[in-house]
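Notes follow the structure.
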Amino acid sequence: MGCKVLLNIGQQMLRRKVVDCSREETRLSRCLNTFDLVALGVGSTLGAGVYVLAGAVARENAGPAIVISFLIAALASVLAGLCYGEFGARVPKTGSAYLYSYVTVGELWAFITGWNLILSYIIGTSSVARAWSATFDELIGRPIGEFSRTHMTLNAPGVLAENPDIFAVIIILILTGLLTLGVKESAMVNKIFTCINVLVLGFIMVSGFVKGSVKNWQLTEEDFGNTSGRLCLNNDTKEGKPGVGGFMPFGFSGVLSGAATCFYAFVGFDCIATTGEEVKNPQKAIPVGIVASLLICFIAYFGVSAALTLMMPYFCLDNNSPLPDAFKHVGWEGAKYAVAVGSLCALSASLLGSMFPMPRVIYAMAEDGLLFKFLANVNDRTKTPIIATLASGAVAAVMAFLFDLKDLVDLMSIGTLLAYSLVAACVLVLRYQPEQPNLVYQMASTSDELDPADQNELASTNDSQLGFLPEAEMFSLKTILSPKNMEPSKISGLIVNISTSLIAVLIITFCIVTVLGREALTKGALWAVFLLAGSALLCAVVTGVIWRQPESKTKLSFKVPFLPVLPILSIFVNVYLMMQLDQGTWVRFAVWMLIGFIIYFGYGLWHSEEASLDADQARTPDGNLDQCK
């Protein structure tokens with residue numbers, strides 16, 4: 001009896017969501033276009049990462065090699081962005097990675113993904129609000145910081161911020177009110193802030209290359225106590241002395257550690273994927289918006305971080321407001337005010353971009369019954385999830401008040417990297433699943449999306465699917481290595497499911513040995529070399545097995561290229577970056593997940609909307625997406 005109950009609960013945790021994307025009904029307002037999405041992605045991304053985080057990472061982790069850290073972080077984000085683009089074309093609904101996981105790998109994984117997305121967006125909001133406060137404080141002579149240090153010090157080192165930030169709380173509450181007014185109004189404000197931001201960043205890059213010096217990329221240890229033009233009162237970093245000088249003062253390990261933190265700077269693009277029910281043409285606008293915003297952001301991060309470290313020795317950079325300080329260092333006093341004002345606009349856009357997707361993920365989870373139902377309430381006049389917006393703003397305000405910027409950023413990176421990994425795995429699984437031949441497939445589309453050529457091609461694809469049924473197969477070595485069918489079957493789909501799970505285990509093993517067993521590898525320890533080589537070889541073999549399986553021919557407006565290599569590479573990069581984060585970050589992450597599991601097993605599991613569906617309802621093996629293709 002007990003086993004039967006456990007089996008039933010296990011089946012409930014793995015149930016998948018039924019989605020009918022051929023229906024356009026939504027309680028939200030469809031009013032956004034492609035330019036709105038690019039502005040939203042760029043605005044939400046080019047904020048604290050470029051104006052604040054660049055200084056902290058250059059000083060503490062990477063030095064001038066921060067440009068390489070941003071390059072590695074951009075690679076991880078582009079790989080994930082392509083996977084998001086395919087799912088945005090396949091399932092244009094509100095929920096982003098949460099929904100993608102729900103229709104593919106089941107409810108428990110979907111909850112984990114959604115819960116981590118909420119964490120990421122809350123922390124993104126909190127960290128940008130703290131950055132806004134620090135930049136504004138620098139502009140007016142730091143009276144806010146002095147007041148906090150004098151009257152509001154918290155004595156909980158390693159747990160809470162030394163100085164609470166009441167001004168960051170006020171900023172969050174103001175923008176929460178703006179978001180409740182409506183999507184169109186928020187998008188207009190965001191575009192204004194983003195345009196100013198891009199102009200300011202262009203000015204910073206040009207100024208940095210004009211006033212900067214390559215000598216700041218070639219510093220030696222002798223220069224640490226003798227900097228030209230400015231006395232650094234404290235050259236020491238949190239880890240001790242500021243490296244060994246040169247372009248890569250903390251070594252390549254410092255570059256990788258910096259990349260794990262810099263990854264935070266590219267997080268904003270996934271807010272585009274949460275707008276599926278508020279975009280006029282989601283199948284084309286979402287992929288284009290994601291790719292374009294990531295390209296623009298990488299150019300900006302690379303250029304600004306290079307300019308920053310050329311203008312000023314990396315160990316003299318201010319952790320909270322490096323750009324105004326750098327312009328002061330090179331003697332451009334007036335420019336520091338222009339940059340500070342521009343950075344406030346950028347941080348405002350970034351704050352809006354961080355706050356925008358948060359209530360939409362909460363709304364999607366609440367509507368599915370995994371979070372409390374009252375959070376799914378939508379205001380009749382503004383067509384926004386008003387309760388979710390207010391609740392998420394309140395939680396973000398508390399986080400901004402209590403926690404430090406660096407701690408917030410690292411914790412955010414874990415949740416986001418996990419979500420990105422699951423989306424990549426979902427793309428891999430879904431592209432090799434069998435179709436259901438007794439249904440006519442219809443790409444999710446708005447009325448004006450498909451031109452006649454696309455419609456003819458889609459009809460031709462559907463006709464070919466209806467006229468060719470995969471032959472019945474038996475599970476064997478021949479089936480694994482050389483399948484007979486040209487179309488996916490249940491057996492080939494199962495092979496890909498098992499292979500994807502195995503690859504995840506192998507990648508985790510490889511990354512753990514590489515990061516935690518670095519010293520053993522350096523000494524040539526046999527066990528470490530065996531695990532590293534064995535996991536890499538097996539991963540290559542299993543990737544080959546997936547490559548041999550027949551791929552779905554269903555037409556989408558955007559597909560991830562180079563399957564199965566690209567999603568697997570995305571998973572590897574994400575897991576490797578996760579392993580670069582410190583132990584304290586993992587402990588805080590575990591506490592957040594514990595709270596989430598209490599909510600899911602105490603409420604979500606028993607109130608899920610999928611539980612109310614007929615257990616005998618026909619579902620396709622690919623996650624119930626027949627009408628989404």
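Yeah, the Cβs are placed from backbone N, Cα and C, and that goes for glycine too.
Keep in mind that what you see is a predicted model, and the values were worked out from it rather than measured.
The annotation N-linked glycosylation site is assigned in Swiss-Prot to ASN226, ASN235. Annotation source Swiss-Prot lists topological domain 'Cytoplasmic' at 1-35, 83-102, 184-191, 268-287, 359-384, 430-492, 552-559, 606-629. What Swiss-Prot records for 58-61, 124-162, 213-246, 308-337, 514-526, 581-584 is topological domain 'Extracellular', and it gives sequence analysis as the kind of evidence. According to Swiss-Prot, the feature transmembrane segment maps to 36-57, 62-82, 103-123, 163-183, 247-267, 288-307, 385-405, 409-429, 493-513, 527-551, 560-580, 585-605 (among others), an assignment based on sequence analysis.
Counted over residue pairs 6 or more apart, the CB atoms of the transmembrane segment (493-513) and the transmembrane segment (163-183) come under 8 Å in fewer than three pairs, which marks the two as apart. Counting same-chain residues at least six beyond the ends of the transmembrane segment (103-123), those with a Cβ under 8 angstroms from any Cβ of the stretch are 12-17, 19, 91, 95-97, 267, 270-271, 354-355, 357-358, 361-362, 364-365, 370, 392, 395-396, 399, 408-409, 411-412, 414-416, 418-419, 422-423, 425-426, 429-430, 592-593, 596, 599-600, 604-605, 608, 610, 622-625, 628. If you look at the topological domain 'Cytoplasmic' (268-287), the same-chain residues 6 or more away from its ends with a CB under 8 A from one of its CBs are 26, 28-34, 36-37, 40-47, 77, 80-81, 84-89, 91-97, 117, 121, 124, 183, 293-294, 297, 350, 353-354, 356-357, 360-361, 416, 419-420, 443-446, 448-449, 556-558. Looking at 36-57, 247-267, 385-405, 560-580, the range that has the most CB pairs within less than 8 A of the transmembrane segment (527-551) turns out to be 560-580. Each residue of the topological domain 'Extracellular' (308-337) gets a DSSP state, and the totals for helix, strand and coil are 20 helix, 0 strand, 10 coil.
Under 8 Å from some Cβ of the topological domain 'Cytoplasmic' (359-384) lie the Cβ atoms of residues 17, 27-29, 93-96, 98-99, 102, 107, 110-111, 114, 117-118, 121, 179-183, 274-275, 391-392, 599-600, 603-604, 607-611, all in the same chain and six or more residues away from its ends.
Across 62-82, 288-307, 385-405, 409-429, 585-605, the stretch most heavily in contact with the transmembrane segment (247-267), judged by Cβ pairs under 8 Å, is 62-82. Across the topological domain 'Cytoplasmic' (268-287), the DSSP tally of helix, strand and coil residues reads 14 helix, 1 strand, 5 coil.
Residues 48, 53, 76, 79-80, 83-84, 86-87, 97, 100-101, 104-105, 109, 112-113, 116-117, 119-120, 123-124, 127, 260-261, 263-264, 267, 270, 496-497, 500, 504, 546, 560, 563-564, 567-568, 570-571, 574-575, 577-578, 581-582, 585-586, 588-589, 592 of the same chain lie 6 or more positions beyond the ends of the transmembrane segment (409-429) yet place their CB under 8 Å from a CB of it. Packing against the topological domain 'Extracellular' (124-162) from elsewhere in the chain are residues 44, 47-48, 51-53, 168-169, 171-172, 264, 267-268, 318, 320-321, 324-325, 337, 340-341, 343-344, 347-348, 350-351, 354-355, 358, 392-393, 396-397, 399-400, 402-405, 407-409, 412, 584: each is 6 or more residues past its ends and has a CB under 8 Å from a CB in it.
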